[in-house]
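K.L.:
Below you'll find the structure I mean.
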Amino acid sequence: MATTNYDFDILYLGSGHGTFDGAPTLAKQGLKVGVIEAGLVGGTCPNYGCNAKITLDFPVHLQHQVHELNPVLRGALTLDWNANLRHKQKIIEPLPDMLTHRMTDSGMMLIKGFGHFVDAHTIAVNETQYTADKIVIATGLKPRPLTISGNEWAMDSTAFMALDNLPANLVIIGGGYIAMEFATMAIAAGSQVTVILRGDHALRQFHQPLVNQLMLHLTDQGVTFLRQTTVQAIKKTATQRYEVLTEDDTLVTNGVLNATGREPNIDLLALDAIGLDSTANGILVNDHLQTNIPNIYAVGDVIDKPQPKLTPTATFEARYLAQLLGEHTTDPIDYPPIPTAVFSSPRLAQVGVSVTTAQAHPAEYRIVEQHLADNWYHQVSQSKIGTTILVFDQADRLVGATELSDRATASINTLLPAITLKLTAHEVNRIIPIFPTDESAAWKLLPHD
Ligand SMILES: Cc1cc2nc3c(=O)[nH]c(=O)nc-3n(C[C@H](O)[C@H](O)[C@H](O)COP(=O)(O)OP(=O)(O)OC[C@H]3O[C@@H](n4cnc5c(N)ncnc54)[C@H](O)[C@@H]3O)c2cc1C
Ligand SMILES: NC(=O)c1ccc[n+]([C@@H]2O[C@H](COP(=O)([O-])OP(=O)(O)OC[C@H]3O[C@@H](n4cnc5c(N)ncnc54)[C@H](O)[C@@H]3O)[C@@H](O)[C@H]2O)c1
């Protein structure tokens, strides 16, 4: 039973992590909660993002680590992309059903279809209108099309992760997360890979000396990076190949991946009709995730925000919103440091105060850089790359960390509690990690009392 005269107390638009990590709690509380989903239940991360990607990447990263151990482990390991794809589908395909149950078992109602606003309390899906006391926009991002002739010949990350076989030759446009991760996968599967960067830099939000090391390593694996290059058009040839026209050259290829970023999924929501404020980066919200229309909230990637648009951010916001709308808090949202990683081989991960910020404020921060040769554990795995950079504040507490290595995600996750909980050297000393492990090697980097 709705506790108001509306069809729902709370109606979510979109069923990704921003919804399914919070909304079921509200339904279990007795509120009438609905969710409208136009595509696969669970949204980007399970179906076309993190889970799909990491399943495809698992053998790629393993192959990289085995390769580093040559000649201890000998012989060529061949990545069978088609078998890898089938494994991914087997792992991923059950997720929408599983997530549907997570929501409907809690009492939520799932409505399939594309929703748009009629007024501040009403969403239309096809011919049916649904009313709600509160509405939460959780529609995420979608691939940003190229604004050049031939855009239709470039695949997006979803199409790439559904390819039965990888093209023998692949051109990737862009230098962000998707470009680096997918270049890593494609080169491991035997494609010839060219990455086109419009400027000199890739992964701008990461520490550039480490990004350059990563690019050098990918170059050694066979990836070609073209800098300061603008794609002007893409053409399809009579022989089922593509021509990628740049200012200097024409690249002939079997596949083109558009990895130039994603944009908010808001253009068809009729936000103007209800006067809801948004920008090209998403929906504007206050520190309670509330839009300029008081009964409408937004969560996850669709928000215009400084925090990284990642799954853990969407999950944190989903849980906060469930607390707020369930009337368990009136506090503003208070984001902890949010870690992020590029799942290339090697991995590049970071959290907290950046090295660039620390370098700009030498009186406030102390920077410690540790290299492969200093880390015994990296030597065990014969890794060719391993750099960790730590940033400490004046009280000698860890406030930032970045690492390029095969184990960078484990290291950064291990260091996270020290940063988030602002642990003192005495508190650090109270925590004893299992030895000998990557995690104990990372923990050892901290000052102990
Ligand atoms: C290739 C790729 C790899 C990624 N890898 C990682 C990673 O390794 N780690 C990480 O943390 N993050 C990763 N991300 C980002 C992560 O997927 C997102 O941050 C996360 O999915 C955001 O969740 P969300 O709920 O905000 O939006 P989404 O998961 O995008 O959900 C939005 C949902 O809304 C639906 N929708 C949109 N408009 C409407 C409408 N009008 N009516 C009804 N339904 C609608 C969509 O169909 C979609 O299901 C990756 C993203 C991509 C594309
Ligand atoms: N490991 C992860 O957490 C992960 C992995 C994949 C995707 N994601 C999420 O998905 C989002 C999208 O990923 P992405 O890699 O597509 O975007 P991105 O924003 O990370 O990178 C886009 C890249 O394309 C370049 N670019 C933009 N417009 C261009 C143009 N017209 N021509 C050439 N280059 C252009 C940018 O300079 C940038 O290098 C990420 O921001 C992130 O939120 C996260």
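Each position is counted from 1, following the chain as shown.
Here the Cβ of each residue, glycine as well, is placed from N, Cα and C on the backbone.
A TrEMBL annotation is a machine prediction, not a hand-curated record.
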K.L.:
Select one of Gly75, Gly261, Gly275, Gly282: the residue that TrEMBL places in the NAD(+) site alongside Gly174, Gly175, Gly176, Tyr177, Ile178, Ala179, Met180, Glu181.
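P.N.:
Answer, per TrEMBL (NAD(+) site with Gly174, Gly175, Gly176, Tyr177, Ile178, Ala179, Met180, Glu181), from Gly75, Gly261, Gly275, Gly282: Gly261.
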K.L.:
Within its own chain, what residues at least 6 apart in sequence put their Cβ under 8 Å from the Cβ of Gly176 (NAD(+) binding site), listed in sequence order?
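P.N.:
Expected: Ala202, Leu203, Ala259, Thr260, Gly261.
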K.L.:
Among Cys50, Gly115, Gly174, Gly176, Met180, Gly261, which recorded positions lie by ligand 2, judged by Cβ under 6 Å to any atom?
P.N.:
Gly174, Gly176, Gly261
K.L.:
Summarise the domain 'Pyridine nucleotide-disulphide oxidoreductase dimerisation' (338-438) as counts of helix, strand and coil residues per DSSP.
P.N.:
33 helix, 30 strand, 38 coil
K.L.:
Whole-number Å distance between the CA of Gly115 (FAD binding site) and the CA of Cys45 (disulfide bond)?
P.N.:
20
K.L.:
Give me the CA-CA distance between Cys50 (disulfide bond) and Asp301 (FAD binding site), in Å, as a whole number.
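P.N.:
Counting only the Cα atoms, the answer is 14 Å.
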K.L.:
Quick one: give me the count of other CB atoms within 10 A of the CB of Gly174 (NAD(+) binding site).
P.N.:
22
